[in-house]
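Just below is one structure, and these are the notes that go with it.
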């Protein structure tokens, strides 16, 4: 059994992360509440009815938040084909069923390695989706300056921004061409350009899209020459890419050292667990060894997270 002192140490280590997560959660809820109040005020809902609308909105949020988050993640990963989604759901269901069957019926006959594998198996589809999302964002980032140059040429040839976007949708390949096609489809439905661009920014989820959206919104509201602004934005993005590549080259040794320091302890621990389990007997069977192992894992994971945050350079 874990003693009180050990629990206090673990809680003290995890407390900053818990406070940070709680802060982000409450900030998000406050922003959603303020947005809902603003919307109700614009619509003209009476003060006596606002509480009922808030309760209904909260209920809908609880029911649909997971589904909407999953749909948004699939969209950002470019996995919108029905067949692909069905295959992922089938694979996820089979892995969950297999793991649940092993853990519920064969748990006493499984060693620690098999239990770990059974726990990790259902996470494979999620890792695949996150990998596809990152891969798609890299392709979008590479295509964005080319899209801006094409829009500038179209504007200088006499096209409007709507015509330029239509041309981009026809000429550019996926994934950016597909996203611009979605923008054109929403334009034909009569949705406001501001809402369309915000939705576009949410789907793309890269800094370049935010710059582009802000530029178009400001130009729509205040007027002015759009082509020089987009041309300068394209030049800025290319310079940013060159600076990032140069920075990665100059910091390659330091980044490798930090990655090695963060992952080496975890890798060594995994190696000893799978290939030399006898040397781990004290940490797995003795209560004191278990306490030391848990504290060590928490410290190693925390150190890896801190090193990752130190390596992240924002431009």
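Positions of Cβ are set from backbone N, Cα and C atoms, glycine also.
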TrEMBL annotation (transmembrane segment) - matching range among 84-102, 141-159, 160-178: 84-102
Transmembrane segment per TrEMBL - which of 276-293, 294-311: 294-311
Range annotated as transmembrane segment - as stated in TrEMBL, picked from 114-131, 186-203, 204-221: 114-131
Most Cβ pairs under 8 Å with the transmembrane segment (256-274), selected from 84-102, 114-131, 294-311: 294-311
Per-residue pLDDT averaged over the domain 'Type II secretion system protein GspF' (148-270), given as an integer: 84
Contacting positions for the transmembrane segment (114-131) when only residues 6+ beyond its ends and CB under 8 Å are counted: 73-74, 77, 79, 88, 91-92, 95-96, 98-99, 102-103, 107
